[in-house]
Amino acid sequence: MPIIAIVGRPNVGKSSLFNRILGRREAIVDDMPGVTRDRIYGETEWKGRQFYIVDTGGLLVRDEHPLVEGIRKQATLAIEESHVILFVIDGFNGPNWMDEDVAHILRRSGKPVIVVANKLDDGIHEDRVYDAYSLGFEHVVGISALHKRYIDDLMDMAVSLLPSDEEEERDPEEIRVSIVGRPNVGKSSLVNALAGSDRVLVSDIPGTTRDATDTVIEMKEGKFRFIDTAGLRKKSRIDSDIEYYSFVRTLQAVDRSDVALLVMDASEPTTDQDKKMAAQVIEKGKGLILLINKWDTLEAADKLGDEMRKRVRDEMPFLSHAPLLFVSALTKRGLNKLTQTIKNVQENRSRRIGTTELNRLIRDVLAFQTLPTSRKGRVLKIYYCTQTSIEPPTFVFFVNDPEIVSQSFNKHIENKIREMDTFDGTPLRLYWRVKQ
């Protein structure tokens with residue numbers, strides 16, 4: 001997905017604008033200059049066009065304070081990675097020398113820039129927007145982030161400047177596989193082992209893979225495009241401008257893929273970061289395979305396999321549908337199973353169940369299950385079900401009252417569907433609708 005970056009000097013309302021666009025309070029808003037220390041990103045859409053929005057710290061070009069230097073690096077990287085830049089200034093007081101410095105950087109970027117004259121809150125001083133044209137950019141919009149004035153006009157213009165959202169051309173026979181995980185768990189080594197060559201820079205230093213890198217490999221099981229990404233770090237540990245942005249790149253790599261491989265180190269416990277990444281993959285409807293890499297580093301690895309499998313399943317019970325493989329990129333152990341498993345998971349994402357079979361499932365549930373009831377004693381009635389789409393398989397149940405359906409009952413029905421056919425590695429979507 002494309003990226004829109006919000007940049008500007010401190011205290012001009014960048015975070016307030018970010019929150020308006022995203023529709024929730026994600027960035028910290030404060031009158032003290034420089035409150036937004038890092039880039040904060042969100043995924044949103046405007047009139048059907050999806051994009052990432054990135055909020056940056058204030059850009060003070062001439063200040064050499066260490067914190068300002070870090071913010072400057074963050075904002076500069078956001079500019080480099082973005083497709084459209086929203087350059088926010090204080091529209092009430094007009095541009096100053098700091099805005100001129102920022103404008104100089106933005107002109108050199110060659111990216112589409114919209115000057116956003118913010119803080120035109122009262123409607124009386126809207127003509128001050130014309131002062132913003134002195135910064136030398138074609139596109140200028142006056143807004144009030146505080147009062148939501150003219151945000152629609154701004155977003156219409158921003159989306160119109162994004163590159164065409166034509167889908168990337170792809171080989172229909174090709175399975176796209178994103179490789180995600182924390183730094184230094186062996187993602188690039190895994191690609192190299194599969195490709196049989198050092199196609200990706202590999203180092204013992206965490207985070208040596210800076211961008212998503214594609215490697216196309218043809219095997220007897222088919223053609224695979226592996227998208228290797230930089231490692232994911234906890235946000236509290238992200239003190240490098242490059243590492244923070246790698247999280248957004250990882251999400252973009254998952255967007256492009258059919259199946260994601262979540263790589264974990266056999267010698268380390270699973271982390272919250274692993275769980276969050278797995279949840280992102282499922283939320284995006286992608287296939288998921290869990291890989292325990294560096295299996296060669298453990299003594300008595302064979303004996304530890306069952307123990308580790310149980311530990312991972314216990315710590316991530318929401319991934320019970322995901323295949324778990326033990327591999328070694330160094331010795332290539334277990335890699336012969338990997339490509340076939342990827343192929344199987346992608347086939348499962350494309351699997352369909354006939355309406356007749358689904359409604360037979362409903363009859364069985366009605367005959368042998370106690371159905372949920374509302375607080376007022378209303379019993380759930382399921383009339384019929386149909387599968388509406390694939391990748392991932394999506395099912396719609398027509399009922400008397402969707403509000404009665406509990407999370408546990410939804411999971412129970414999902415498990416029943418999984419028993420009907422092979423859905424290993426793919427999430428299932430279940431929707432409950434009122435029968436009209």
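Positions of Cβ are set from backbone N, Cα and C atoms, glycine also.
Automatic prediction, not curation, is the source of TrEMBL annotations.
Lifted from TrEMBL, the feature list:
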BINDING   8-15, 55-59, 118-121  GTP 1 binding site
BINDING   181-188, 228-232, 293-296  GTP 2 binding site
DOMAIN    2-166  domain 'EngA-type G'
DOMAIN    175-350  domain 'EngA-type G'
(request) Looking only at the domain 'EngA-type G' (2-166), report the model's average pLDDT. (result) 78
(message) I'd like to confirm something. Which of the binding-site residues, Gly181, Asn184, Lys187, Trp295, has a Cα closest to the Cα of Thr56 (GTP 1 binding site)?
(response) Gly181
(request) Please name which of the binding-site residues listed here, Asn11, Lys14, Leu120, is nearest in space to Asn184 (GTP 2 binding site), Cα against Cα. (result) Lys14
(message) Highest Cβ count within 10 Å among the binding-site residues Thr56, Asn184: which residue is it?
(response) Thr56
(request) Note down the number of other Cβ atoms within 10 Å of the Cβ of Trp295 (GTP 2 binding site), including every protein chain shown. (result) 24
(request) Measuring Cα to Cα, tell me the gap between Asn11 (GTP 1 binding site) and Gly181 (GTP 2 binding site) in whole angstrom. (result) 36
